[in-house]
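Colleague: Mind having a look at this structure? Questions to follow.
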């Protein structure tokens, strides 16, 4: 995992995200270690909020697994927690990052943001 390369890949994410302020997507400073759906001042989709309520905390590993298909990841998380009834709707995040190495690099970069 290479945070410097991840910073370059993150430029694609800046259409919707910044480290220090909410935009279309939530601020990502401090995302690693934060409960899903809890960035201050951001209104999340029920799917994302429910995932946080069910115990999803963002780790580098979770971010790597989330990025290829955010909706599928959150729905599987809730279903695995026995909360399939709350695994409805969709997240606001439509971008998907398919490349495995880029996902690892972005997760490493996000871990540096405070």
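Just so you know, the numbers here start at 1 and follow the chain as drawn.
Yeah, the Cβs are placed from backbone N, Cα and C, and that goes for glycine too.
Relevant sequence annotations retrieved from Swiss-Prot are reproduced here:
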type: MOD_RES; residues: 1; note: pyrrolidone carboxylic acid
type: BINDING; residues: 13, 16, 17, 93; note: heme c binding site
Colleague: Tally every other Cβ atom lying within 10 Å of the Cβ atom of residue 13 (heme c binding site).
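Modeller: Summing over all protein chains shown, residue 13 (heme c binding site) has 19 other Cβ atoms within 10 Å.
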Colleague: Would you kindly give the Cα-Cα distance separating the residue listed as 'pyrrolidone carboxylic acid' and residue 93 (heme c binding site), rounded to the nearest Å?
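Modeller: About 23 Å separates the two Cα atoms.
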Colleague: C-alpha of residue 13 (heme c binding site) to C-alpha of the residue listed as 'pyrrolidone carboxylic acid': distance in Å?
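Modeller: With the alpha carbons as reference points, the distance is 18 Å.
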Colleague: Between residue 16 (heme c binding site) and the residue listed as 'pyrrolidone carboxylic acid', how many Å separate their Cα atoms?
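Modeller: Distance (Cα to Cα, whole Å): 23 Å.
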Colleague: Starting from the Cβ centroid of 13, 16, 17, 93, the recorded heme c site, name every other residue in that chain with its Cβ within 8 Å, sequence order please.
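Modeller: Filtered neighbour residues, in order: 14, 15, 23, 24, 25, 28, 95.
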Colleague: Measure from the CA atom of residue 17 (heme c binding site) to the CA atom of residue 1 (pyrrolidone carboxylic acid) and give the result in Å, rounded to a whole number.
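Modeller: One finds 21 Å between the Cα atoms of these residues.
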Colleague: Counting only residues 6+ apart in the same chain, whose Cβ is under 8 Å from the Cβ of residue 17 (heme c binding site)?
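Modeller: Counting only residues 6 or more apart in sequence, the Cβ neighbours of residue 17 (heme c binding site) under 8 Å are 10, 23, 24, 25, 26, 27, 28.
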Colleague: Could you tell me the maximum Cα-Cα distance in Å between the residues recorded as binding heme c, namely 13, 16, 17, 93, rounded to a whole number?
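Modeller: The heme c-binding residues span at most 10 Å between Cα atoms.
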